[in-house]
Amino acid sequence: MLRSGPASGPSVPTGRAMPSRRVARPPAAPELGALGSPDLSSLSLAVSRSTDELEIIDEYIKENGFGLDGGQPGPGEGLPRLVSRGAASLSTVTLGPVAPPATPPPWGCPLGRLVSPAPGPGPQPHLVITEQPKQRGMRFRYECEGRSAGSILGESSTEASKTLPAIELRDCGGLREVEVTACLVWKDWPHRVHPHSLVGKDCTDGICRVRLRPHVSPRHSFNNLGIQCVRKKEIEAAIERKIQLGIDPYNAGSLKNHQEVDMNVVRICFQASYRDQQGQMRRMDPVLSEPVYDKKSTNTSELRICRINKESGPCTGGEELYLLCDKVQKEDISVVFSRASWEGRADFSQADVHRQIAIVFKTPPYEDLEIVEPVTVNVFLQRLTDGVCSEPLPFTYLPRDHDSYGVDKKRKRGMPDVLGELNSSDPHGIESKRRKKKPAILDHFLPNHGSGPFLPPSALLPDPDFFSGTVSLPGLEPPGGPDLLDDGFAYDPTAPTLFTMLDLLPPAPPHASAVVCSGGAGAVVGETPGPEPLTLDSYQAPGPGDGGTASLVGSNMFPNHYREAAFGGGLLSPGPEAT
């Protein structure tokens, strides 16, 4: 490098030596101001090869401060923009034209927002329970029972219409598919995983998984969903297996002391998961159902009154009643009488609870003991631990009875009219006793004198054309007395008699006949050629030696087989039976 002093004058260096700043500065400033975009591009390529040009650029930057303040370009659009990285890194400086501003898209939002949506103030996708499961009436079943665990019904289920637990996805219109998972957790916080399992349709490993398309059907009902319980020695293994499968919606973990697990009550936890537009898995907040209680446990089962032996009682209380119900705990049950703002509890002890299904108690007194009309109240069972009540039954309180001994009733009856009975025509009641006498034998055949199906008394009298005397038939004697033998009794000759009715009997079969005559006795045995009417040949009045009796052949009044046509030998006189 050559030294140049003030006396050197016109001498000019001839080698490629770095010019001084005083010599190079005046011509450098106007040349750089007149540079255009093509010249700057060529200049950026020669920076690394010429140290003189680097010094010129450095001086220009120091004077104008170009690019050091980070300000935006001025009105001269298209001028080069220099970015300073420090004095030690000037070799890496590049020059180029400023890129034009990007044109906004026609839909009004940057393209990057379609790839990664930022969370906005709008509603987020979430899950709700539209039909809660029925809390009571469901029985948990063991796996060893070898049968279906039943189906959990909806809270609004009745005997006439059945409903099912249901969920709904909301604000999920932009999602293509959502997976809903249901599992069992504790009733209370922190809602750890329960050892019991869900079994039924779409259930594996104790949980239920369904896939939904919100744009098609955002609602879903869980059909044939049952609860399967485990034994106490299997609690720990069941919980560990579920945690290994990732079933822990509240991240509560397991509990070493599993004695705190309530085996008679569970909650169903519903949780939905989906993939966003970037393919990342996202989960919605878990939702818990109402507690579901085991039916077979008396501590949590449904209370029900089957029958009460009385439906009314005095308002003073103390009436003993018998109540039949489902199984209850004798130390955890109460019978309550309630109406509006009044409530009373029945009086009974644990010894009055019979085999958990019957309670003997005494009614409490009503709040107003001076009621004048019956008052109806409700009676129901109530469990003391959780306050659960049964369906009520009506009970009526009756007004107080001021005449407990019935004195007023006896006074209202009055005294008997003794004087009136003594002054009557029958003071001793003889006539009334006669009316109550037992009927005789003939009263069954001749109940009255009127017309009817019975024969009149005159039919039993003998015909005077054939009988010169009185004929007496045993048991058929005409009743004596003024009622039948007086002159006022009218005889009807057209009425059928006993003898004319005998002609209407069917013919007797052929058999031997014996005829006894008054002149002599002769036996004639022969065949009867045909039916002959019954005639009265002869008649011998009963003598003193005879018994005065006549026999009826056959049974009852009319003969089944009568002898020959002779009247005296067949009907009125005793004789041997035909053989």
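Count begins at 1; order follows the chain as displayed.
Note: Cβ is positioned from N, Cα and C throughout, glycine not excepted.
Quantities reported herein were computed from a predicted structural model and do not represent experimental measurements.
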Swiss-Prot annotation (region 'Disordered') - matching range among 1-39, 430-468, 508-546: 1-39
Feature region 'Leucine-zipper' in Swiss-Prot, mapped to one of the ranges 40-68, 330-358, 359-387: 40-68
Position flagged as phosphoserine [Swiss-Prot], chosen from SER217, SER573: SER573
Local confidence of the prediction over the domain 'RHD' (125-440), expressed as mean pLDDT: 86
